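Here the structure is laid out as structure tokens; the discussion comes afterwards.
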Amino acid sequence: MDLDFLTEEVKKLARQTGEFLKKERLSFDRSRVEQKAAHDYVSYVDKTSEKHIVERLHELLPEAGFIAEEGSGSLEEQEYCWVVDPLDGTSNYIHDCMPYCVSIALRNREEILLGVVYECGREELFWANKDSRAYLNGKEIYVSDQSVLDQSFIELGFPYKAENYRSFALGLIQDLYGHVGGLRLMGAAAAEICYIAAGRFEARVEAFIGPWDIAAGYIILKQAGGKMTGFDGNPDCLGAKEVFASNGKVHEDLLKVLQRHKKLLKNE
Ligand code: IPD
């Protein structure tokens with residue numbers, strides 16, 4: 001397998017798809033948004049974008065399967081698997097807010113081989129593969145050196161299924177608010193993980209996340225010097241729901257905070 005060739009093709013595909021998302025946004029029809037579950041939305045743009053991505057990725061590597069947010073392809077069995085979020089930050093997109101992005105990763109069993117995230121608003125292409133460093137628009141990126149939690153800029157993700165996560169989220173905010181450099185809730189997990197890789201944030205926490213939200217970010221963050229684990233500290237977290245990403249330097253301190261609140265989670 002020529003990983004560099006595949007990476008280049010996926011970079012082109014992510015950028016093209018991002019341009020399509022931006023163009024569609026200009027005439028976006030909000031009446032065509034569907035609810036997958038309470039407060040969890042999908043639009044015709046997500047679906048069209050996924051169809052296009054899946055067709056092209058299938059041409060590139062016919063033997064690979066798919067784990068894609070809007071349901072294309074089958075999950076298990078294949079040695080290689082594309083993990084795709086055709087539009088991460090759907091709610092931001094629907095409301096004409098940023099960020100929103102395209103996220104594509106190639107996985108070989110439990111190893112991510114390559115990851116590409118294209119954030120449409122700032123036209124930022126993040127990528128890495130297992131043999132490369134991490135890049136943003138052609139420049140190498142690194143996580144920040146910040147190791148003090150009190151100075152750290154922390155991103156939170158709130159799962160749409162509020163009743164299971166409310167106590168956890170409120171407890172966490174109560175602990176962190178006033179004791180970190182800043183808290184943000186930006187609404188596009190894949191882009192936010194890349195922001196840690198680029199040194200903008202120190203960490204991101206979410207208690208219920210999909211594999212398509214984290215797969216590309218996982219390798220980009222790793223190759224930029226960062227770390228992703230479950231709330232139990234286990235780096236084997238690609239199938240986990242509770243996922244914590246950081247610059248690596250605040251990981252242990254924030255993990256202690258998470259573990260204090262973990263018992264408040266009502267997971268399915
Ligand atoms: C969502 C976003 C959001 C995160 C949710 C995801 P989607 O993805 O990444 O930031 O908090 O858990 O589901 O639905 O916009 O692709």
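Heads up, the Cβ atoms here are built off N, Cα and C, so glycines get one too.
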Additional site residue, Asp175, Asp213, Asp232 [criterion: listed by TrEMBL with Glu69, Asp85, Leu87, Asp88 for Mg(2+)]: Asp213
Additional residues surrounding Mg(2+), by Cβ distance to the Glu69, Asp85, Leu87, Asp88, Asp213 centre under 8 Å: Asp46, Val84, Pro86, Gly89, Thr90, Cys101, Val102, Ser103, Ala188, Ala189, Ala190, Gly210, Trp212
Sequence-distant neighbours of Asp88 (Mg(2+) binding site) in its chain (C-beta under 8 A, six or more apart): Glu69, Tyr100, Cys101, Val102, Ser103, Val117, Ala188, Ala189, Ala190, Ala191, Trp212, Asp213
Cβ neighbour count (within 10 Å, all chains shown) around Leu87 (Mg(2+) binding site): 29
Densest Cβ neighbourhood among Glu69, Asp85, Asp213 (binding-site residues), 10 Å radius: Asp85
